[in-house]
Amino acid sequence: MAELFSDLTERPLKETVCLFDVDGTLSPARLHASPEMLQTLAALRHKCAIGFVGGSNLVKQEEQLGTPSISVISLFDFCFSENGLTAYRMGKQLASQSFIGWLGQEKYQRLARWVLRYIANIEGIPKMTGTFIEFRNGMINVSPVGRNASKEERDEFEAWDKKTNTRTKMIEALKKEFPDYGLTYSIGGQISFDVFPTGWDKTYCLQYIEAEKDVSGIEYKNIHFFGDKAFEGGNDWEIYSDERTIGHSVKNPEDTIRILKETFGI
Ligand code: M1P
């Protein structure tokens, strides 16, 4: 049964919000969060506001965090998919911008053709599946093995990429080819990288947290962020190192639970 949570203004730590990366922080990569994690988050939500900020789209976050009876948008006060380009507050969707609106169809087509040609010419790739470009609202996701890869194919690609640096080399080539596009390329997971306008990294979602002063009257003084890719080049780096947040670098979901228990006494 769905638990009831008090209004944001009535939580004991009402000036505190905890934001979490998803893969590797709340759940193992691409897998579901554990019951212990969901219980810990629910306990935390009785104390302060909680939200996730993930690179993936909402469909994937629903699979990884939602349950058959409760949708992910009811489990968190703030849901930031695609770094916040798709955003929900208390179950209601907020206005957002789009990647294609920002870049334009003509430039996008040039980029997409180049990407597909580059992937077609990669030598020695262990497997190719399908969906080499996933077109999302706020970004595109590029995967040389393809987004249809199974768990085994993902692991195989990741190991091969560690040896060959295929993704890093492709990003370098993209930067050289499209120097004036104003895009950022970010490796956040096992088999792909995200491409979005510079500035639309995870710090993008902080505007919604700051806007709470005008929406609910709450000025969040303590914005905690938890992420497992909190190193330069990782997709948690910008928000982790942003002066507006208190960054926590975690090793895995168990580590997140440990820090939450120690920090918030839950
Ligand atoms: O959330 C981290 C990343 O998760 C996926 O990465 P991959 O499929 O490579 O493991 C993608 O959804 C990616 O967009 C996201 O940043």
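Keep in mind that glycine also has a Cβ here, set from the backbone N, Cα and C atoms.
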Which one, Arg30, Arg45, is listed by TrEMBL in the same alpha-D-mannose 1-phosphate site as Arg136, Arg147, Arg154, Ser192, Asp194? Arg30
Quick check on the annotation: TrEMBL has Asp21, Asp23, Tyr240, Asp242, Thr245 binding Mg(2+), so which of Asp228, Asp255 does it put in that site too? Asp228
Determine, from DSSP, whether Thr245 (Mg(2+) binding site) sits in helix, strand or coil. strand
Do you know which of the binding-site residues Asp23, Arg136, Ser192, Asp194, Tyr240 end up with C-beta under 6 Å from ligand 1? Asp23, Ser192, Asp194
Surrounding CB atoms that lie within 10 Å of the CB of Asp23 (Mg(2+) binding site), all protein chains: 24
In whole Å, note down how far the CA of Asp23 (Mg(2+) binding site) lies from the CA of Arg30 (alpha-D-mannose 1-phosphate binding site). 6
